[in-house]
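Structure record follows, encoded as structure tokens.
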Amino acid sequence: MSNMEHDRWSRVKGRLRSSVGEDVYSSWFARMDLEAVQPESVHLSVPTRFLKSWIQTHYSDKVLTCWQAELPEVCRIDLTVRSPMRAAVAKEAAAPVEHRRAEHRPATETRSHATVPASSNHDALGGSPLDPRLTFASFVVGRSNTLAHAAAKQVAEGRRGDPVMFNPLYIHSGVGLGKTHLLQAVTWAGNTGIERKVLYLTAEKFMYGFVAALKTQTSLAFKEALRGIDVLVIDDLQFLQGKTTQAEFCHTLNALIDAGRQVVVAADRPPSDLESLDERVRSRLAGGLVVEMAPLGEDLRLGILKSRVVAARAHHASFDVPAPVLEYLARAITHNGRDLEGAINRLLAHSKLNAQPVTLEMAEHEVRDLIRPQEPKRIKIEDIQRIVARQYNVSRSDLLSSRRTANVVRPRQVAMYLAKTLTLRSLPEIGRRFGGRDHTTVLHAVRKIEGLVSKDTTLSDEVDSLKRQLQE
């Protein structure tokens, strides 16, 4: 991808993010790649058929509109499902980074790996494919993921009949920070013997399995099979759609937890932010251990880079990346683990195809499009409510209540104003998060505070202080 194409694609993604909101963008578009731009069409790709179908059904017009703002002559968007594994050395050195599902995968081979079942149990129960490289041994531990790693290890090392310490275990983070790696590691480790049945499913696989069971009138067998699992591992829960499917997931979740079976779940946001999920599901998920995997620190990024180089040497013994180059990459590439792996893949490809050693100059040229500006902190409505409540000495439940006393109304209006100005939530969404209020109530609050801060210096200082606290 040339610099011009990269810049154009970045602008289109920015328009799309502004159009649909941050949460929708993260759920449905974060893994969409630009493949090619033709005179009248644009070729995009996504990793799964489910994503392709959902985007085509619900967002095709928005995607086309965003592209037409950049290239008016574009009249068609071609969306395809890309191969889950792209061989690095089969492409030119400047090819874009792989966007594979599994986080922190080592760049061990330049050919595709066949996915294999963890055990006959996992295979017979129709589990989602597992990558044999995603184990605890290949997971790089750092400050941002220590708790998630420790909790996952404890789950994996448990035995049938042991008391369950935290249930469910809910891991959330942004894209490419290691959630899938940990979940598949739990599955691999748990299925090393025959004592326990550990099943890994993506939310997409769960949906398709349940819908297929309904169509073939085998839903009872589907339910019984799931409820006989010792450890159920569900990935990408944010994609779970449909009231009937969500109800069945809730019943399965309750049945397993009540029976003392372990449930492990991963998603791209905390349970409270999964607005498309039924409140009962969110409540049950929040009742377990909720662990956030924070963005990768520089030391952890360096550790991941080193591990990928070691893995690559297993098949390319002469491949080497000097320490100054690794340190440069760790400082410059800050977004996620996939970009780090993509950088090593590019250096490996360039070095092998051109028979040249890796240098700092080569690295600066090859990864320039992976160096992104630092993203601002993502502020959540729950954070706004918590900090505003603390500032004005009221409770969060007061902000959500119908109370109309002066000591509650003003903080509530300030919180709504901050939610509108510091997040990408729509007015109706903000209203729902403030006790189910109408969007006109939110609009009134926003306009009220906008008018007051220009005249009331005390209120203006309070709002500025709240913004600083939220952005720290």
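Positions of Cβ are set from backbone N, Cα and C atoms, glycine also.
For GLY176, GLY178, LYS179, THR180, the entry in Swiss-Prot reads ATP binding site, with the evidence type sequence analysis.
The compositional bias 'Basic and acidic residues' annotation in Swiss-Prot covers 97-112.
According to Swiss-Prot, the feature region 'Domain I, interacts with DnaA modulators' maps to 1-73.
As annotated by Swiss-Prot, region 'Domain II' applies to 73-128, with the evidence given as sequence analysis.
What Swiss-Prot records for 92-127 is region 'Disordered'.
Mean pLDDT for the region 'Domain III, AAA+ region' (129-351) in this predicted model: 87. Annotated region 'Domain III, AAA+ region' per Swiss-Prot: 129-351, in sequence order.
As annotated by Swiss-Prot, region 'Domain IV, binds dsDNA' applies to 352-472, with the evidence given as sequence analysis.
A 10 Å cutoff on Cβ-Cβ distances gives GLY178 (ATP binding site) a total of 30 other Cβ atoms nearby, all chains included. Assigned with DSSP, the residues of the region 'Domain IV, binds dsDNA' (352-472) fall into helix, strand and coil as follows: 83 helix, 0 strand, 38 coil. Note on GLY176 (ATP binding site): other Cβ atoms within 10 Å of its Cβ, all shown chains, come to 26.
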